[in-house]
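Peer 1: Pasting in a structure now, in structure tokens, and then I'll have a few things to ask.
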Amino acid sequence: MLRCIPVYLSILTLFVSSVLSGRRHLPTELKSNYMTDAVEIVYEYGNVFNGFVVDLDETALNFLQTSPDVETISEDGIMHVTAAVEQTDAPWGLARLSSNTQQWSKNQDASQLSFKYAYDDSAGAGVDIYIVDTGVRTNHTEFGTRARWGKTFGECYSDEDDNGHGTHVAGTAAGATYGVAKSASIIAVKVLDHDGSGAISDIIAGLDWVLGQQTTTGRPSVVNMSLGGSSSPSLDDAAKRLIEKGVHVVVAAGNSNTDVKDTSPAHVEEVITVGASTINDERAWFSNYGSVVDIFAPGQNITSAWFKSSDDTLNISGTSMASPHVTGLVAYLMALQGNIEPAAMRTKLQELGRKDVLSDIPSGTTNILAHNNT
């Protein structure tokens with residue numbers, strides 16, 4: 001079965017969480033007991049949880065539903081990048097990250113700004129940032145030799161960023177000019193296609209690979225996911241598993257101007273969920289909010305690397321742009337002060353952040369703006 005994305009997924013493309021014991025290996029049993037064209041094992045997961053993704057017919061589904069070795073079965077779905085709005089050149093976000101107060105007057109044109117970003121020269125050195133996204137243009141001048149291609153998940157995807165979103169995100173997290181952690185390593189994990197959409201199963205496969213890599217290297221690591229969609233227990237569990245293993249996970253809150261409580265993986269309590277702020281210290285009009293949003297960061301009119309050439313840049317907006325500010329900040333703090341447990345890092349970010357400086361923050365939402373404490 002050819003599984004090119006975007007697709008309209010049938011109810012028979014499923015996540016199966018199972019025991020996968022030595023006694024019974026369900027993927028093998030399915031393939032041996034049913035016609036080859038009726039069952040296709042898409043992925044087997046072994047790090048974030050024991051389970052697999054399978055395309056199958058109703059007969060095979062009935063077998064799984066009655067198997068004592070099956071814990072849960074859930075439908076695959078689609079996740080998307082948070083929408084981006086093209087703007088003009090305005091690198092104000094880094095300046096706000098290291099400034100106690102605004103360095104500009106209200107309603108000043110963001111495209112006219114050029115301010116100082118103060119930071120320790122450790123700048124994220126020795127930390128791996130996994131960009132789980134549309135890929136990264138690894139030969140962009142913003143990255144020097146610090147970016148590499150990790151792996152691609154999606155049967156018809158090419159090993160390149162053919163959208164730009166992932167390159168922009170990476171540039172904000174760790175670019176030489178536009179990035180927070182200017183010495184961190186960048187690893188591209190492509191799980192979204194040229195339109196910025198991808199199957200949940202591919203995203204989980206990417207996270208599974210990340211955890212395997214981090215377990216092998218032992219390096220301090222942070223994952224940026226500037227993506228989201230409807231609630232997915234399987235994706236939520238995968239994110240939680242990374243955190244349990246000490247990998248920091250930072251997620252964009254989303255751009256629907258609504259409570260994030262029904263959005264995966266942003267509503268996972270253990271991840272660091274990031275809303276977007278503006279140059280005027282307002283919540284960006286599009287930014288999601290709610291009790292699970294942990295912190296805000298600049299997300300409107302953000303200039304960063306773009307994918308069309310090795311020195312291309314673009315100014316766009318979204319919580320996708322806010323999230324990598326915090327991802328870079330996590331890497332920056334790990335290099336500067338040492339790695340700590342993800343829950344402690346979330347607390348540290350909130351302690352360092354500037355309190356009650358943002359306007360238009362709904363009741364019940366944290367009013368904290370990210371800051372690097374310089």
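Each residue, glycine too, has its Cβ placed from N, Cα and C.
Sequence annotations record features per position, and here TrEMBL assigns signal peptide to 1-21. Residues or ranges marked as domain 'Inhibitor I9' by TrEMBL: 35-81. Marked as domain 'Peptidase S8/S53' by TrEMBL: 124-349. Annotation comment: TrEMBL describes Asp133, His165, Ser320 as active site, charge relay system.
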Peer 1: Could you list the residues of the same chain, at least six apart in sequence, whose Cβ is under 8 A from the Cβ of Asp133 (active site, charge relay system)?
Peer 2: Val81, Asp161, His165, Gly166, Val169, Ala170, Ala188, Val189, Lys190, Val191, Leu192, Asn224, Met225, Ser226, Leu227
Peer 1: Per 10 Å Cβ neighbour count, which of the active-site residues His165, Ser320 ranks highest?
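Peer 2: The residue with the most neighbouring Cβ atoms within 10 Å is Ser320.
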